[in-house]
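As recorded in TrEMBL, the features of this protein are as follows:
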{"type": "REGION", "residues": "1-40", "note": "region 'Disordered'"}
{"type": "DOMAIN", "residues": "96-153", "note": "domain 'CTLH'"}
{"type": "REPEAT", "residues": "269-310", "note": "repeat 'WD'"}
{"type": "REPEAT", "residues": "314-355", "note": "repeat 'WD'"}
{"type": "REPEAT", "residues": "368-390", "note": "repeat 'WD'"}
{"type": "REPEAT", "residues": "526-568", "note": "repeat 'WD'"}
Amino acid sequence: MGGVEDDEPPTKRVKVSLGGKRGLANNSSHLEPATGSLYNSMARPLPSDGGDEEMVGSKGIIKKMEFVRIITEALYSLGYEKSGSLLEEESGIPLHSSLVGLLRKQVLNGNWEESVATLHKIGILEENTLKSASFLILEQKFFELLGKERVIEALQTLRTEITPLNINVNRVHELASCVVYYSQPKSVGSSNGEVVSGKSRSKVLEELQKLLPPAVMIPGRRLENLVEQALNVQRGSCVFHNSLDSALSLFSDHQCGKDQIPSRTSQVLESHNDEVWFLLFSHDGKYLASSSNDRSAIIWEVNGDGVVTLKHKLTGHQKPVMSISWSPDSRQILTCGLEDVIRLWDVNSGECLQVYEKSGLSFVSCEWHPDGNRIFTGLIDKSICMWDLDGNELECWKGQRTLKISDMAVTSDGEKIITICRETSILILDRVAKVEKLIKEDQVITSFSLSRDNKYLLVDLFNQEVHLWSLEGDFELVSKYKGHKRSRFIIRSCFGGFEQGFIASGSEDSQVYIWHRGTGELLEKLPGHSGSVNCVSWNPRNPHMLASASDDRTIRIWGLNSVNLKRKEKQENGVVHHCNGRA
């Protein structure tokens, strides 16, 4: 992918020499309960009848009373009122104590003074918790009085009931300002009807659940949360997990096999006339673009059945095409030649819409701004420029911003530009805050890729390692991936699979390597190419589709090695489909 000089990172073909008031109504006061003992032994809710509590489950670690209560809560939350009531009656274990049940009824009926009195009877001793819960109830009373235009009573509630609690002074001031603007319901944050609605009171109960100890008032949808946690643990411990969440079942423990990793060649694409250096799936996963030493780029279409066919062959570059960048909406594409111009293409028609040039200078990299109306380019003079789509230069950052051969990435907010600025350093340029940070490696950096969530950077190194860096806070090296071969050329890696849980890389030994992102374990080595594998790309919308580009002038599409695919291959006498551009 282009030659290198002694002071540059390795590229293709040449060996390297080492050396306000709105919205106040019905909002939570956001008061945190204080830590410490919340209730004494006489007030503990729903105690057992003496002796050890009855346990259920094979491990003997689940308290039967708690288990039955969260099941009952789940039935009610799902709308099965009769079943929930029947379970309470049959088990003899009520969902709530009589006092908590009374409190809930009083809140929903708007009996505010009685609600506060019941709070004190439940037995909560921690003063701050009791005050916070009382504040929440009385605040709702205040807003409902305002909604009914009973301003004097609302003001009296504020002065004689809320203020004496001596907490959340700023919120008290906000409530006082609402009295001034009571005649403008929108300034209070809600219409009169919304203020007095039962839905609003239900929200008060939800906030009370967060304040009161879980044993007193079970958090909403607690059983669902426990099940989700269990499924997340199973998914997280599954090394080969590469399927959608809909594949998870409660009927059995989850465990994926290697058959969820794309490892079988489903197609070989043969329309390039020379080494294929780069390829990248579009953001919507419907297209694949590739570029080659033959000075062309190709747009491939991923059909509904997963078959990839040639859509357009893009010609016009006078030098090999080094890289490609898809527009955010996947309707346009940029191609960058090796120290050449940058071309903008329409994906649907294959027409060249714009050629970007700068007098006396050539380009080495390109990337889209997330708004789709601007692009960033790296130039041979090591500067970075921003352009509109009509070819007008908007801004330029000069200095040691990029190398002759460089990747480029832009974060999804458009604020940070990432490039290789020195042989062993990556520059993160915050163009808004005007701050520059560096990721420094000990080895020569050959390429990198940014994760979809902008939190991680995958860095390919000259020493046959791929490093994973965290970009949050202080930059941190998280993991290393080893095993692939790289001695002379640029070899690119990528994130991929479900939630980008895998790392794939090309290799000079003609294989594709796949690691588990979290553990660093090498999961697969995929043979098939007859030349160095220069670049890989994982379909962002299909975790079971991977593509690889090689010096053997081909692109391989990898899919699942499932039983059905094996049967189909057997029926077709083991012949792998080849595509030479003719559908």
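Cβ coordinates come from backbone N, Cα and C, glycine included.
Listed by sequence, the residues of this chain that lie at least six past the ends of the repeat 'WD' (526-568) yet keep a Cβ under 8 A from its Cβ atoms are 1, 12, 242-244, 258-270, 272-281, 283-286, 288, 290, 292, 300, 302, 306, 308, 452, 489-498, 502, 504-514. DSSP places the residues of the repeat 'WD' (526-568) in helix, strand and coil in these numbers: 6 helix, 18 strand, 19 coil. Averaged across the domain 'CTLH' (96-153), pLDDT for the predicted model comes to 90.
Secondary structure of the repeat 'WD' (314-355) per DSSP, as helix, strand and coil residue counts: 0 helix, 23 strand, 19 coil. Proximity of distant same-chain residues to the repeat 'WD' (269-310), defined by a Cβ-Cβ separation under 8 Å and at least 6 residues beyond the stretch ends, is recorded for 1, 12, 317-326, 328-330, 333, 335, 337, 345, 347, 350, 490, 492, 531, 534-542, 545, 547-551, 553-557, 559, 577-583.
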